[in-house]
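Working notes, beginning with the structure itself.
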Amino acid sequence: MHRDHLLWSIQLVAAGVQLGNAFFLTVLPMVMKERYVNATSQSDTNLSRLEDSWQVSVSSFFMTYRVLSQLVPILPGFFVAWLGDMGWRKSLIMLPLLGLMLSRLVVLFMLILDWPVKILWVEVIITALCGGSTVFWSGIMTLLSLGSTSQDRSKVLMRAELISGLSGVVGCMTAGHLYNVSSTNLRPGVVTLLICVLFHGSCMIYVIFFLQASAGALCDNKTLMKANDDTTCDHPHKVVNIILLWMSGLLYNAVDSSTRNILVLFQLMEPLHWNVTQVSYGNASGFLITISSFLSSVILSRWLSDSSLITIGLLSNAAGMLPMAFATTTYMFFIARVLALFSLMPVPLICSLLSQQVHGSSYSKVLISLQLSLKLSSAGTNLLYAKIYQLTFSWFPGFVLILTSLISIVAIIPIR
């Protein structure tokens, strides 16, 4: 009973953080577009050149921003993993939460005090030095893995994805309507960011003072520890399994992460040319896929193995990206989203399979190493995707989406 309560507590913390992130992710691209458009319009009044100029500027910013957020957390991430394996379980989520809260405060002050946009480099460095979202979600998966048996681990991890997805849907749709709440002394986006800080601050307080995530609380009986360890006996073939799972995860996550960054720009420019409310609905549709992925994994897991579900998820991602590349209207974009209903199944299932290949004492190192390697590969593809997008958006903005579809199919090859 206590273990079930602990698992739900961890999942609710993840949901609260996702709510805050949803508000922040809605605000950031709109703030960047507004700042760069205002700066460029003062020197160039040609609408076509203005559109191209802010597209290049914002894509270059996001390229550098994402690379920093993916490379800087590597060393802090290993340090946090070491703390977790030494028994300081709460550090896996507490330190990243601290960084998220402080960095969001920096952006809030940037809007209120009209600081230059360069202050965002301070925000990303603060987040990354504390581990960032990479280490936070790895910590959530580690704690959930330690508190569950190998038989129900996939469902526990996917349930966490479901709850986070629901939070993301609510957060994105709410943020889109709150963004323009302003007055003479209050800029657009301030209210949204303030709510984001409140969510992260509340989660931080709960984790520090109320969450009982010690090693003893997570592994409070010998049966659980034995159930976890019985499936992790060392066999040579498990090394091969780990390598193949790792390769598939790297390929999928690299293009998925890079595509999400490009989708923001894809939505803001012609022919879609979305406003902040439409952008929030687009983000919400992405989180809705979490729900469909969870329900699909629960239902299909009765007849299919985890590796088969991963394959379905990769095919779904490929099927969704291809028509999205040719979307010229809003309804076409959302039709393509429907085809990607299962596309978020791979990563949590890969984490679940990996956790079954190692002993419980190594969960933190393995899962955080996985997430950091995913981010490292994403950093390279972010650079590549940003450059490709800058070269192709004027004649075919959906080119990178076709590339994502093809690589998603290639990622199926290592799965067996």
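Our numbering is plain: 1 for the first residue shown, then up by one each step along the chain.
The backbone N, Cα and C atoms fix where each Cβ goes, glycine too.
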Practice task
When you get a sec, could you say which of 7-26, 307-326, 327-346 is annotated transmembrane segment by TrEMBL?
Solution key: 307-326
Handout entry: Interface present between the transmembrane segment (239-255) and the transmembrane segment (392-415) (three or more C-beta pairs under 8 A)
Key = yes
Exercise for the section: Verify whether three or more Cβ pairs under 8 angstroms connect the transmembrane segment (119-144) with the transmembrane segment (279-300), leaving out any pair fewer than 6 apart in sequence. Expected result: no
Problem - Cβ-Cβ under 8 Å with the transmembrane segment (91-113): same-chain residues at least 6 beyond its ends - result: 10, 13, 17, 20-21, 24, 27-28, 31, 76, 80-81, 83-84, 119-120, 122-124, 126-136, 138-140, 142-143, 187, 189-190, 193-194, 196-197, 200-201, 203-204, 207-208, 213, 364, 368
Practice task
Go through the chain and flag residues at least 6 beyond the ends of the transmembrane segment (119-144) whose CB is under 8 A from any CB in it; none is fine as an answer.
Solution key: 7, 10-11, 13-14, 17, 21, 61, 65, 68-73, 76-77, 80-81, 84, 89, 92-93, 95-100, 102-104, 106-107, 110, 153, 156-157, 160, 213, 218, 348, 351, 355, 363-364, 367-368, 370-372, 374-375
